Structures are given as C-alpha cells and as structure tokens.
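Chemist: Before we start, here is the structure in question, set down as structure tokens.
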Amino acid sequence: MTPSELKRLYHITKVQLEYGLDELLPEHALTQLPKRLRKGLFWIKNKYPEKTLGERLRLALQELGPVWIKFGQMMSTRRDLFPPHLADQLALLQDQVAPFDGQLAKDQMEMELGGPLDNWFTDFDIKPLASASIAQVHTAKLKDSGREIVLKVIRPDIRPVIESDIRLMYRMARLVEQHIPEARRLKPVKVIEEYEKTLLDELDLRREASNAMQLRRNFEGSEELYVPEVILDLSSEHLMVSERIYGIQVSDIEQLERNGTNMKLLAERGVSVFFTQVFRDSFFHADMHPGNVFVNPDNPENPQWIGLDCGIVGTLNKEDKRYLAENLLGFFNSDYHKVAQLHVDSGWVPADTNVEEFEFAIRMVCEPIFAKPLGEISFGHVLLNLFNTARRFNMEVQPQLVLLQKTLLYVEGLGRQLYPQLDLWATAKPFLETWMAKQVGPAAFVTALSEKAPFWAEKLPELPDLVYDSLRQGKVLNQRMDKLYAGYRQSKRQQAKGQFLFNVGATLLICSAVLLTSNITVLASISAATGAAFWLFSWRAYRR
C-alpha cells in the first residue's frame, strides 16, 4: 500500500469513526483486530451522537466524496443488505458536487473533438448547466443549424481517483469478510465487484450514447416517452453531445399542476413505460430517479415523460421475463405454491429447495401485505420481500432483478407522488395478462413460427442437402465409432494377455529363487530364463 493510499485509508477510517459508524458493527461479531483498531484510535470520537445512525451514515458518505456517494446510492437499492431506516437515508444521497472550472471543461472537450469548439458550436456557455460526481454538462448551439444542444464531459483525472478508492474498498471488504464472521453472508467483495463494474461503465460515454439511442428507437413516435437525440458524430468516450430539452422536473408537483398536467394519466403512463420497457423491449432505463425524469410541458392533457441519463440500463432474457410475469400473476391470484415452484424451475433458488417450506415462508411474508386494499400495496416492496425471502433459501444475487426492483420502486414512488390514488396493480395486471397470452397458446405458436419463417424460407431449398450431409456424416461417425471400439477391444485383449504373461513370468522367477536356495541350480536357471522370457513377451504385449 502506497503512502497516499495509507493516508486516504486513515481519512476514511477517521470520518467513519467521527460519525459513529462503528455502531454498524456488533461488538460480539468482531474478531480481535477491529476491536484493537478501535481502541488504538481512541482520540477519534463520535461528533454527532444526536443524529440517527442512518443520518450519520449518509453524511459520512457525502463527506467522503463522489465515489462513496455513488456507492451509497447503489446500496440504497440493496434492501436485502440494509434495514429500511438505513436504506431510506441512503436513498436521499444526492449526486451533486461543486462544478469544476468551465475553461478546464472546454479544454477537455476540445481535446476529445480534436479542435476548437468554434469549429462545431456557437454560444457555448462556460458556466455549467449541471454538475455531478462523474461528469459536467454545458450548453451550446450547433454551428451549422443553430440547434440547441448539451455537451456532457467526464471530469478530468476522475479515473485515478475512482480506481484508488475502489482498491481501498476491496481491501476493506476483504478485512470485513476475514474479521467479521456475520458479514460474510453479505459477500462484501462481490458487492464491490458489482459497484466497480457499474461505476467504470459510467466513465465511458459511448456506452451511455448507445443506450440512449436504443431507448429512443424503442419509443420512436411514442406519446408516452421521449428520449433526446444523441449527436453521435460529435460524441466520444469522454464527451457526449445531445439535443437540449426543456421540461418540468417530474418531482416539481406545483409546476406540473400550474401547467394543467393530467396527473392521473402521467402517473399511469409511467407504469406503462416501465412495463413496456421490461416486457416488450427487454431493455429498461435503470436509473429513473426524479433528477433524470422530466415532463414535456407542451401538451399537459396528453403528458409525455422525458428520460435523461441512460448510463445505467437493465436487460432481461426471455426466461427471466416469463418467470417474472408468472410470479407477479401468481401474487395477483395468491397462488404462493406456484410462486415457490417458479423460483425453483427458473434456477433462481437451488433445485433441492423444499418447495413447501419455501411456499410457507413466502405466504408468511406476503399475506399481511395483501390484507390491505390493492391500491395501498407497494408493487416494489412485494418484490423486495419476495427476493429477501428467496435469499434465505440461498437465492443467488441476480443483478438484473436488483436493477428491476430499484427501477420499479422509483417508478412507483414517482407515480404515487403524482397521483396518490394510483392503483399500480390495476394498471399492471391487464398488461401482464396480455403479455402472457402472447407467450403461450396457439397465438404464441403462430407468432414464433412467423418470426422464424424468413430463416426457414432461406434454409428450405437446402434441406435435402442438409439431410443427406447429416446422414452421410452419421454413417462416417458410426464407422469411426466401430473402428474405435474395435481398437479398444484389441487393446483390452493385449492388456489382458500382457497381464497374464507378466504374472506367469513373476511366478517362474519366484520359483527359480526357491530352487536356487535348495541348490537345484539347473531347474532354477531354466525357471529364471523362462520367467524372463515371459516378462519380455508381456512387455511386448503392453507396447502393442
């Protein structure tokens, strides 16, 4: 560990102790090393005893800087790891930091573009429109068309800072696993691995540009969601240029109401957008917190969502979608046995899981929830309780499901903030039933057949040749198998013969030794020579 890393590690430890975060570690669960470390730093006291543990955790992460803020934001979605009072505080973390110098941002952009900004843009505003831990946004206009755009640029020299803190996180996670036995089930090293991948992905704006373009294609012409256009020719790894939009932030309820927005329709469209992304496109925006969602003000009676910042997206494969839909429908119908069986069938929990015990555990958790009116039930919290229960039965962490749960909680929270009477279940159930109907039965068979029709139309003329080639290859394969089997049998016969000759030779040599001790030298010599000959024959048999 370098001196700078030791200094940073001391600072991290000092901040944690100043906010009393050692309370997160139960005394009885600690080995001797962390106990001695705490005693060794006796002069560092909790400066904020009047605040709750959750508040202190949030404030400590804010003080430690952007890498830790983003880590806290990610951890706020892992409610299987943190109790609600901590997760709720982590969800309040804001990724807003002081902007860096606008001239430095301009220099970075010009380096990415390979020339002065004036070659491509006019009216560049050196004052940032927004600033976050990873990137900063400035406004300008395209020189050739006058179109308003925004330029998002990665903070210079942010990667070394991130990599340094990530290395320290790994060291701390390994120490936690080694010295706090109760924490091992939380797999802290694996948590850091997930975070590292997410964070490093955000450093490549080409990935975000690609995600935004895909989401824009998926909702092209839609009244429900608009995604700003990316100017791909001017974008690179550390710079993304896109269309500038004007909208009302979705959390600004007063402004939405002043604009005459149809709040009920807006809330329902949020749910529709989510389920369309998941079940139609298998590709969903996984960071839909209020800062990334705006509302188009132009047609308030027919409101349209605007999605920004596509750095984090989720995908589901066909099997995940089917099992997820069937699980949700199982909940709608209170069929907990089906929900338990689906978890086993999907491979989300081990195949040897006792389905009856699992069903009982799900029922115990979910029945009190479903005793409420449907309109008061949180869809996201049902999924959260389900996944937490499943993890007690050794369910492996499914990153795509964690992102899905996080996104659903965001969408549901926004929807009920916009329209408190929103019945997400009533909105979602017809959608799920329609989707399931398309996946099974005659209609699904016809759809699958039609999707494969171009492939089979291309391959049909080749079918006779393919059949002939398959038969010929099968015949050749059988001949090879027969030859290999014959060789195997011959080899076994030779081995048996060699073993027999070896045993006879050994017996004769033993006899020659006995005869020699009895001074019967002639017979001893004959027996020894014959035994040696048998050994020679056995060696030749093995060699074949």
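Glycine too: its Cβ is placed from the backbone N, Cα and C atoms.
Reproduced below are the annotations present in Swiss-Prot:
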| type | residues | note |
| --- | --- | --- |
| DOMAIN | 123-501 | domain 'Protein kinase' |
| BINDING | Leu129, Ala130, Ser131, Ala132, Ser133, Ile134, Ala135, Gln136, Val137, Lys152 | ATP binding site |
| ACT_SITE | Asp287 | active site, proton acceptor |
| TRANSMEM | 515-537 | transmembrane segment |
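Provide an account of the burial state, proximal residues and distances for the features listed.
Modeler: Neighbour density for Asp287 (active site, proton acceptor): within 10 A of its CB lie 22 other CB atoms from the protein chains shown. Following the DSSP three-state reduction, the secondary structure of Asp287 (active site, proton acceptor) is coil.
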Chemist: Report the largest Cα to Cα distance, in Å and rounded to a whole number, among the residues Leu129, Ala130, Ser131, Ala132, Ser133, Ile134, Ala135, Gln136, Val137, Lys152 that the record lists as binding ATP.
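Modeler: Greatest Cα separation within the listed binding residues comes to 14 Å.
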Chemist: Can you check which residues sit near Ala135 (ATP binding site), meaning Cβ under 8 Å from its Cβ, same chain, 6 or more apart in sequence, and list them in order?
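Modeler: Once residues fewer than 6 apart are set aside, Ala135 (ATP binding site) is near Lys152, Val153, Ile154, Arg155, Leu205.
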Chemist: By a simple count, how many Cβ atoms lie within 10 Å of the Cβ of Ser133 (ATP binding site), its own Cβ left out?
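Modeler: For Ser133 (ATP binding site), the 10 Å Cβ neighbour count is 21.
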Chemist: DSSP on Ala135 (ATP binding site), three-state: which is it?
Modeler: strand
Chemist: With DSSP assignments reduced to helix, strand and coil, which class does Leu129 (ATP binding site) get?
Modeler: coil
Chemist: From the Cα of Leu129 (ATP binding site) across to the Cα of Asp287 (active site, proton acceptor), what is the distance in angstrom?
Modeler: 20
Chemist: Neighbours of the ATP site Leu129, Ala130, Ser131, Ala132, Ser133, Ile134, Ala135, Gln136, Val137, Lys152: Cβ within 8 Å of the Cβ centroid, same chain, sequence order.
Modeler: Pro99, Pro128, Val153, Arg155
